[in-house]
(Lines of atoms letter the chains of each structure in order from A; the text may use other names.)
(Lines give C-alpha, C1' and ligand atoms only; values in the text may rest on other atoms or scores of the structure.)
Protein backbone atom coordinates (compact mmCIF):
# COMPACT_ATOMS: atom_id res chain seq x y z
CA UNK A 1 0.00 0.00 0.00
CA UNK A 2 2.88 2.38 0.75
CA UNK A 3 4.00 2.36 -2.90
CA UNK A 4 0.47 3.28 -3.97
CA UNK A 5 0.34 6.21 -1.53
CA UNK A 6 3.70 7.39 -2.82
CA UNK A 7 2.31 7.22 -6.37
CA UNK A 8 -0.75 9.27 -5.32
CA UNK A 9 1.59 11.92 -3.91
CA UNK A 10 3.44 12.04 -7.22
CA UNK A 11 0.19 12.17 -9.24
CA UNK A 12 -1.06 15.22 -7.33
CA UNK A 13 2.25 17.00 -7.97
CA UNK A 14 3.99 16.45 -4.64
CA UNK A 15 7.51 15.22 -3.96
CA UNK A 16 7.24 12.10 -1.76
CA UNK A 17 10.87 12.65 -0.72
CA UNK A 18 10.08 16.06 0.77
CA UNK A 19 10.80 16.14 4.51
CA UNK A 20 7.16 16.35 5.60
CA UNK A 21 6.08 13.55 3.25
CA UNK A 22 8.84 10.94 3.62
CA UNK A 23 6.94 8.97 6.27
CA UNK A 24 3.46 9.77 4.93
CA UNK A 25 2.98 6.51 2.96
CA UNK A 26 3.65 4.48 6.11
CA UNK A 27 1.43 6.73 8.24
CA UNK A 28 -1.43 6.47 5.73
CA UNK A 29 -1.06 2.68 5.61
CA UNK A 30 -1.27 2.47 9.41
CA UNK A 31 -4.28 4.81 9.43
CA UNK A 32 -6.12 2.73 6.83
CA UNK A 33 -5.22 -0.50 8.64
CA UNK A 34 -6.92 0.90 11.75
CA UNK A 35 -9.83 2.57 9.96
CA UNK A 36 -10.66 -0.68 8.14
CA UNK A 37 -9.90 -3.08 11.02
CA UNK A 38 -13.59 -4.05 11.14
CA UNK A 39 -13.05 -6.40 8.20
CA UNK A 40 -10.86 -8.59 10.42
CA UNK A 41 -13.16 -8.55 13.45
CA UNK A 42 -15.42 -11.43 14.42
CA UNK A 43 -18.58 -10.52 16.36
CA UNK A 44 -18.68 -13.82 18.30
CA UNK A 45 -15.08 -13.38 19.37
CA UNK A 46 -15.74 -9.75 20.29
CA UNK A 47 -18.78 -10.64 22.43
CA UNK A 48 -16.65 -13.35 24.05
CA UNK A 49 -19.47 -14.88 26.07
CA UNK A 50 -20.67 -11.58 27.59
CA UNK A 51 -24.29 -12.65 27.19
CA UNK A 52 -26.20 -13.18 30.41
CA UNK A 53 -29.51 -14.81 31.31
CA UNK A 54 -31.84 -12.10 32.63
CA UNK A 55 -35.62 -11.82 32.86
CA UNK A 56 -35.74 -8.05 32.43
CA UNK A 57 -38.28 -6.86 29.88
CA UNK A 58 -37.50 -3.14 29.68
CA UNK A 59 -35.71 -1.44 26.84
CA UNK A 60 -31.90 -1.39 26.98
CA UNK A 61 -30.42 1.67 25.27
CA UNK A 62 -26.86 2.83 24.74
CA UNK A 63 -27.13 6.38 23.45
CA UNK A 64 -24.65 8.83 21.93
CA UNK A 65 -22.02 6.28 20.88
CA UNK A 66 -19.38 8.33 19.06
CA UNK A 67 -18.58 6.76 15.72
CA UNK A 68 -16.67 7.50 12.55
CA UNK A 69 -16.31 5.64 9.31
CA UNK A 70 -15.07 6.07 5.76
CA UNK A 71 -17.47 6.74 2.92
CA UNK A 72 -16.94 4.02 0.35
CA UNK A 73 -17.54 6.43 -2.53
CA UNK A 74 -14.81 8.99 -1.76
CA UNK A 75 -12.80 7.41 1.10
CA UNK A 76 -13.60 10.50 3.17
CA UNK A 77 -14.73 10.29 6.79
CA UNK A 78 -18.21 10.57 8.15
CA UNK A 79 -18.76 10.88 11.86
CA UNK A 80 -21.54 11.19 14.36
CA UNK A 81 -23.43 9.32 17.04
CA UNK A 82 -25.20 6.00 17.12
CA UNK A 83 -28.10 5.11 19.41
CA UNK A 84 -28.63 1.36 19.86
CA UNK A 85 -31.48 -0.25 21.80
CA UNK A 86 -33.00 -3.68 22.20
CA UNK A 87 -35.80 -5.39 24.11
CA UNK A 88 -34.33 -8.45 25.89
CA UNK A 89 -35.71 -11.91 25.31
CA UNK A 90 -34.31 -13.53 28.48
CA UNK A 91 -30.74 -12.44 27.54
CA UNK A 92 -28.73 -9.25 27.90
CA UNK A 93 -25.28 -8.34 26.59
CA UNK A 94 -22.45 -6.60 28.44
CA UNK A 95 -23.03 -2.92 27.71
CA UNK A 96 -19.48 -2.28 26.47
CA UNK A 97 -20.09 -4.80 23.69
CA UNK A 98 -22.66 -2.57 21.98
CA UNK A 99 -20.21 0.28 21.18
CA UNK A 100 -17.68 -2.37 20.14
CA UNK A 101 -20.20 -3.82 17.68
CA UNK A 102 -20.77 -0.31 16.31
CA UNK A 103 -17.00 0.05 15.83
CA UNK A 104 -16.68 -3.29 14.00
CA UNK A 105 -19.03 -2.14 11.26
CA UNK A 106 -17.97 1.52 11.29
CA UNK A 107 -14.35 0.53 10.70
CA UNK A 108 -15.04 -0.57 7.16
CA UNK A 109 -15.71 1.28 3.93
CA UNK A 110 -19.37 2.14 4.36
CA UNK A 111 -22.52 3.93 3.48
CA UNK A 112 -24.43 5.04 6.55
CA UNK A 113 -27.60 3.24 5.52
CA UNK A 114 -25.84 -0.15 5.41
CA UNK A 115 -23.88 0.58 8.59
CA UNK A 116 -27.14 1.17 10.47
CA UNK A 117 -28.65 -2.08 9.18
CA UNK A 118 -25.50 -4.12 9.93
CA UNK A 119 -25.41 -2.96 13.55
CA UNK A 120 -29.09 -3.83 14.05
CA UNK A 121 -28.70 -7.21 12.37
CA UNK A 122 -25.62 -8.09 14.46
CA UNK A 123 -27.48 -7.32 17.69
CA UNK A 124 -30.46 -9.36 16.44
CA UNK A 125 -28.32 -12.37 15.50
CA UNK A 126 -26.24 -12.21 18.69
CA UNK A 127 -29.07 -11.85 21.24
CA UNK A 128 -32.29 -12.87 19.50
CA UNK A 129 -34.09 -10.02 21.31
CA UNK A 130 -37.74 -9.08 20.89
CA UNK A 131 -36.64 -6.04 18.91
CA UNK A 132 -33.72 -3.82 17.96
CA UNK A 133 -33.59 -0.12 17.15
CA UNK A 134 -30.60 1.74 15.73
CA UNK A 135 -30.46 5.41 14.77
CA UNK A 136 -27.32 7.11 13.46
CA UNK A 137 -26.89 10.85 12.97
CA UNK A 138 -23.73 11.78 11.06
CA UNK A 139 -21.93 14.49 9.13
CA UNK A 140 -20.27 13.44 5.88
CA UNK A 141 -17.07 15.17 4.81
CA UNK A 142 -17.76 14.12 1.23
CA UNK A 143 -20.74 16.51 1.38
CA UNK A 144 -18.92 19.17 3.38
CA UNK A 145 -15.56 19.38 1.58
CA UNK A 146 -16.57 18.70 -2.01
CA UNK A 147 -19.65 18.40 -4.18
CA UNK A 148 -22.51 20.42 -2.68
CA UNK A 149 -20.29 21.78 0.15
CA UNK A 150 -23.05 21.83 2.78
CA UNK A 151 -21.39 22.37 6.16
CA UNK A 152 -24.37 21.91 8.45
CA UNK A 153 -26.24 19.03 6.88
CA UNK A 154 -26.63 15.79 8.82
CA UNK A 155 -27.82 12.41 7.66
CA UNK A 156 -30.17 10.41 9.89
CA UNK A 157 -30.66 6.69 9.30
CA UNK A 158 -32.64 4.12 11.24
CA UNK A 159 -33.04 0.38 11.33
CA UNK A 160 -35.96 -1.03 13.29
CA UNK A 161 -36.48 -4.75 13.85
CA UNK A 162 -39.09 -6.72 15.78
CA UNK A 163 -41.10 -4.68 18.30
CA UNK A 164 -39.35 -1.47 17.26
CA UNK A 165 -40.88 -1.92 13.82
CA UNK A 166 -44.25 -3.42 14.71
CA UNK A 167 -45.16 -1.75 18.02
CA UNK A 168 -45.73 2.03 17.89
CA UNK A 169 -45.35 2.33 21.69
CA UNK A 170 -41.89 0.71 21.66
CA UNK A 171 -40.82 2.83 18.70
CA UNK A 172 -42.08 6.03 20.40
CA UNK A 173 -40.31 5.18 23.67
CA UNK A 174 -37.06 4.64 21.77
CA UNK A 175 -37.33 7.86 19.79
CA UNK A 176 -38.29 9.84 22.91
CA UNK A 177 -35.31 8.45 24.84
CA UNK A 178 -32.80 9.33 22.13
CA UNK A 179 -34.25 12.83 21.74
CA UNK A 180 -34.05 13.66 25.46
CA UNK A 181 -30.79 15.51 26.03
CA UNK A 182 -29.18 14.05 22.93
CA UNK A 183 -26.31 15.87 21.27
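Just so it is clear, glycine is given a Cβ too, placed from its N, Cα and C backbone atoms.
The Zn(2+) binding site annotation in Swiss-Prot covers 71, 74, 142 and is backed by sequence analysis.
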Going by DSSP, is residue 142 (Zn(2+) binding site) sitting in a helix, a strand, or coil?
helix
Around the recorded Zn(2+) site, report the further residues of that chain (criterion: Cβ within 8 Å of the mean position of the Cβ atoms of 71, 74, 142; site residues excluded), sequence-ordered.
70, 72, 73, 75, 76, 78, 140, 141, 143, 146
CB contacts for residue 71 (Zn(2+) binding site) [other CB atoms within 10 A, all chains]:
18
Around the C-beta of residue 74 (Zn(2+) binding site), how many further C-beta atoms are within 10 angstroms, looking at every protein chain?
15
I'd like the number of other C-beta atoms within 10 A of the C-beta of residue 142 (Zn(2+) binding site), please.
17
